[in-house]
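One structure below.
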Amino acid sequence: MPAITVDNLTKSFGQTLALDDLSFQVEEGEVFGFLGPNGAGKSTTINIVLDFARPTSGDVSVLGMDAQQHSRAIRHRTGVLPEGVDLYDRLTARQHLEFAIQSKNADTEPERLLERVGLVDAIDKKAGGYSKGMAQRLMLAMALVGEPDLLILDEPSTGLDPNGAREMRKIVREENERGATVFFSSHIMEQVEAVCDRVGILRDGEMVAVDSVEGLRDSVEGGTTLRVTVDRIDDDALQAVRSLPDVGDATVEDRTPPTIVVTVDGSKTAVLSTLEDRGIEVRDFSTTEASLDDVFQSYTTDTGVHAR
Amino acid sequence: MTSQAGTGTEPAAAGGSASSSLTLESVRAIAKKDFQDSVRSWLFWGLSVFFFTLMAALAGFIAWAEPEELTTLGFISLISQVCKLVIPLIALVLGWKSIAGERETGSIKVLLSLPHSRKDVLVGKLLGRTAVLSLSLGIGFVIGMLAVAFAVTEFSFPAYVAFLAMTILYGLAYMSIAVSLSSVTRSTTMAGAAMFGVFVLFYIVWNSIRSALGLLMRRGYIDGVSYMTTTLTGQQREMTRLPDWALFIDMIDPGTAYQNTITLFSGLSGENIGTTFNEAAFPNGLPFYLQDWFSLAILLFWIVVPLVVALYLFDRGDI
């Protein structure tokens, strides 16, 4: 049984279409990275999963239950770290956690939860005086109350320094090892690649790719970019390079001496030998691996390398 | 349950949203948290100090003036004049941001990420804020009592406690209006405008209605009801009063309803101050909706109706 099933989900706000026939599944026990630029519809999706917002059409089921009909039961077994929300300024971390513990009928000590997120020193300080990072840690602790089966973390690294982000990923792994499914949204690829089993990329309300991190890397042309500086270039040679099986695209940068930019998946030497076979002198060449950021870019923008 | 997957083409899911349920534990948890939160607010203590000062000044003045034969109900009706005007202000200010504010800062998602329904949030907020208001009222009433108790001949503690309970009920009515309006507005600005609207409606508009109706009656647009009464000098005089329906309109104001219920305590204090309306003016008997117990019903109406409407609206749509 999948932890989250989103089926043909559409959500419009007046004339604006926020989600367009979105479908995907999060499998039980996996860490799923929900990636997309700001405004892609990530929060809208999470809002519907948690019944904060109602779909225009389509179905969402969470932990095998309908997201609208059984929202309370779902949220009883789900830990949520909402994005961009304020805490209660006048209440302490302890009071926040006691409220969450009481709300979930859980049996946890506030101290233990705060130890995990590294906030135990501030347990009796009012949240009004917290930094963004401290507030984020407290909200993560609240999400962990009651050993939830599903964790929904909306942009959890917001406000965290690199060290805090690392600790957060550690907790995600620990929770996953305990058996929890983790649904993790972010607009930054590198934050999800380290922890996620699978990644879904959302763009303009549509899922443009769902795959493992390696799978995504492979799916993008320009896994490697080869730059070859030559003495001259002609159309014939360029066509020959383009027709090579491993080559995705080849363009010429207009300068002297000319540089050919080739995206390749496999053999680079084939490109070089094809050029040399046609009497073109290779003066210099370099390769660059596509970073995951390029992968993300390729799916979420119209420019740059293209998804196949 | 898993069979639901794949039925996404069914249009049924589109419009029909599940109405949420109300759970006692959730309501209690939210009310408790809201109480903890609001009781620490400077705004609340500012309003409370204002109220305490008014009570102390009023009671102190009464004690200093030492009017002859000041009864408990006499004292209560003096205090009720102040409460009638001040409590709506405190309630509206306290309730203003209760839900709209949480929507604006997003902290409502903290509440709703936990297994609470939207109805739990609404009712819990109402009870939490009313508890905070009641705390302020309780302290204010003790201050008033300490200052004046010895000036009153045979101070009736039960009547005073019953009056406090009725005052809390009055506060609850305004809090219900405030929290309900706060839940159906999307921003604190809109909520603030709504609070101001309520203030204008009951402080200005409603108070003018009675005078307006009286004017219309004297001009002959409304048929008044004539009756005979005995003046202080023992003469019989014909008087004219507004018709029953016009009097009823005046009674709908929560403040008027609150004051009218005070006569209900005459049994508790052993005094007889009669009823709100002069019985001589109603030769055929007082219609039930003008009797004092009906004012209690009106007060309950103002608690229940805004809440029920808000429960319905808040449950629909997006947060």
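Here the Cβ of each residue, glycine as well, is placed from N, Cα and C on the backbone.
If you look up TrEMBL, you'll see B:42-64, B:70-94, B:126-151, B:157-177, B:189-209, B:293-314 marked as transmembrane segment.
Tertiary proximity for the transmembrane segment (B:126-151) is limited to same-chain residues at least six positions away from its ends with a CB under 8 Å from its CB atoms, namely 27, 30-35, 37-39, 44, 47-48, 51-52, 54-56, 58-60, 62-63, 66, 70, 75, 79, 87, 90-91, 94-95, 98, 160, 164, 167-168, 171-172, 175-176, 178-179, 307. Just going by CB pairs under 8 A, the stretch in B:42-64, B:157-177, B:189-209, B:293-314 that sits most against the transmembrane segment (B:70-94) is B:157-177. Taking Cβ pairs closer than 8 Å, the transmembrane segment (B:189-209) reaches residues 85, 88-89, 92-93, 95-97, 99-101, 177-178, 181-182, 249-250, 252-256 in its own chain, all 6 or more past its ends.
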